[in-house]
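Here is the structure we will look at, set down as structure tokens.
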Amino acid sequence: MSSLRLLLATAAAAALASCQSVAPNLASMTPQPSPVAAAPIAPVLATADAVDIHSYARPLEARVTHVSLDLAVDFETRRLSGTAALDIVRRPDAREIVLDDRGLEIQSIVDGSGAPLQYSVGTSDPQLGSPLAIALRPDTRRIVIRYASASDAGALQWLTPQQTAGKRLPYLFSQGQAIENRSWIPTQDSPGVRQSWEARITVPTGLVAVMSAPSAGPGRSNERDPGHVTYSFRMPHSVAPYMIAIAVGDVRFQSLGPRSGVWTEPSTIAAAARELEDTEKMIAAAEALYGPYLWGRYDLLVLPPSFPFGGMENPTLTFLTPTFIAGDKSLVSLVAHELAHSWSGNLATNATWADFWLNEGMTTYATYRIVESLYGPKLAAQQYANGFDAMMTAIDDAGGMKAPDSRLHIDLKGRHPDDGLTDVAYEKGAAFLRTIEHVAGRERFDAWLKGWFGWHRFEPVTSAIFLADIRQNLVRGDAALEQKLMLDAWVYEPGLPSNLVRPDPAAFANVDAAVSRFASNGTIPSQLWASWNTDERLRFVNRLPRKITKQRLGALDRALSLSETGNNEVLFAWLSLAVANRYGAAVPALERFLTTQGRRKFVAPLIKALAKDSAWGRPIASRVYRVARPLYHPITARGLDELKL
Ligand code: BES
Ligand code: ZN
């Protein structure tokens, strides 16, 4: 253990060791649990750059090590209610422990022996919620909070039966990252404060509960309450609290391979399983790059279309948007991405949101490597090139090459973590690692990469730890290499260092030529288009001039059936271009797109672009938003409600 770390661990290690076994699975149609090893309590970093400004917790004084939830799911009142029992480790002189709370209705707080503990909820900050300070007695080691989540909890979306594919039963799902879980779990909601956890979830009979942890078998009904069943889960490893996730609905399981499978509503399961057929191969490719997969199973949950992200790497159970189903596996790099987070993000986790690039940049780099190993270097080079374009746009949006937000390690003071959710973190992060790989050589870089996850598994990490590790284990005193890498410039300076590895210009040679022809004389590459893969099509649409006449847009649309495409990434690229040019013939497709899925990356830019165009777009935005708003998860709606459409 390095001296950087403060080990508040040992005291509670013994208490935790007793709850590690996983019960045998009884249902043939649910995934087989695999044994998982006992976890030591993860350290909390004690350096200044590891202080999380998005949490009220003061973990160096008192911290949560284990969360035990016992919650009932009530679709009528849209609340989760029950208890959260927290095991804590504290300095002997700590007088209180501070948790994060957003709108929780707290009924009582007692210690392990049932004696009441004093507590107070501080003033609520619009971004962070409130501190929940609980007074500790000298011997307090366990805290039991009886509470309910608010009906408008930011992490949770409650869908009516009408809003599901099956239309028969309601649905609930959560999204924790970055700071949403404090709206349904009273704990220290900071990625640097890792916690093991377990949960008992009681749901109406007929519904299935799944969570981001090994399950202890099928739901058990209670003799006195035949209307409900209880599902149990246990995550024996310490994870960042944003990784605790739940979904409840009419979901089924289909196996994909020995350690993977897919959960989704019955009507989507065949298409989902087909699209995901390469999952086992992806796990193997990821292990070859990163080292062994340590979480046991890797299952996926394909959610209803209102899921606000493309994917979310909830441990053992990635959450996915159904919009990735294109019918031809052309969008499955999303799965490679979420899978790669099982190492970059879930094993080694950004200690604070200022180092979000450590999660996303490394994962984006790994995605290209996994794509290379499954689908070949050409496709990987194309995806790197499209990512590179996205990075350039993100740097522009951040204010250009001198802008503070074009740095990897960013300053989020007074801001929401989501402000850092840009392609600077994803694609500049990936370009940085690609550059190290290029400069040091793949063999050397790959050896370092495996070592990184070996050393830092189940631990929080910072940019400083990353740089120290690279220097110690990759550079190893090689002064020439150190100079060529430009490590500090990459992490702490704005813009792009001069050693940047640019994409291969050959990756899209014929697409770029077609773009030039269209730009100069309107030639439509109909035949080429038919032969192009999704990344080539995306390159074409995204590289077209931003100002195009309606007549030319109409010709393009008719020749390439753009408004009708079933590929949601291509559709989004096309609709963005259409809105920028007030191309009315695409409006029906636009309305359909905005009212049938709620992925923020698709919805927010389109609605914002419409809203800005007061004469043409705003009335469309208002009309669409009124219909679409009930479909959207709070995370998607939050940034749009303020447009007052
Ligand atoms: N972990 C992210 C999603 C996320 C980040 C949610 C920050 C909340 C806050 C996930 O792994 C992700 O990056 N999803 C992307 C897809 C990916 C292929 C770029 C998305 O949802 O678009
Ligand atoms: Zn990600």
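Every residue gets a Cβ built from N, Cα and C, even glycine.
Just so you know, TrEMBL annotations never went through curation; they're auto-generated.
Marked as active site, proton acceptor by TrEMBL: Glu338. Under the heading active site, proton donor, TrEMBL lists Tyr426. The peptide binding site annotation in TrEMBL covers Gln175, Gly176, Gln177, Pro308, Phe309, Gly310, Gly311, Met312, Glu313, Arg599, Arg600, Lys601. Taken from TrEMBL, the feature signal peptide covers 1-23.
Known features from TrEMBL, placed on the structure.
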residue: Gln175; record: peptide binding site; Cβ contacts under 8 Å, 6 or more apart: Ala155, Gln157, Ala245, Phe307, Pro308, Phe309, Met312, Phe319, His633, Ile635
residue: Gln177; record: peptide binding site; Cβ contacts under 8 Å, 6 or more apart: Tyr242, Met243, Met312
residue: Gly311; record: peptide binding site; Cβ contacts under 8 Å, 6 or more apart: Thr318, Phe319, Leu320, Thr321, Phe324, Leu334, Val335, His337, Glu338
residue: Glu313; record: peptide binding site; Cβ contacts under 8 Å, 6 or more apart: Met243, Glu338, Leu339, His341, Ser342, Gly345, Asn346, Thr363
residue: Tyr426; record: active site, proton donor; Cβ contacts under 8 Å, 6 or more apart: Trp357, Glu360, Gly361, Thr363, Thr364, Gly387, Ala390, Met391
residue: Arg600; record: peptide binding site; Cβ contacts under 8 Å, 6 or more apart: Pro308, Phe309, His633, Ile635, Thr636, Gly639
Task: Would you mind pulling the DSSP three-state label for Arg600 (peptide binding site)?
output: helix
Field: C-beta crowding around Glu338 (active site, proton acceptor), within 10 angstroms
entry: 26
Field: Distance-selected binding-site residues near ligand 1 (C-beta under 6 Å), from Gln175, Gln177, Phe309, Gly311, Arg600
entry: Gln177, Phe309, Gly311
Query: Around Phe309 (peptide binding site), how many other C-beta atoms are within 10 angstroms of its C-beta?
result: 22
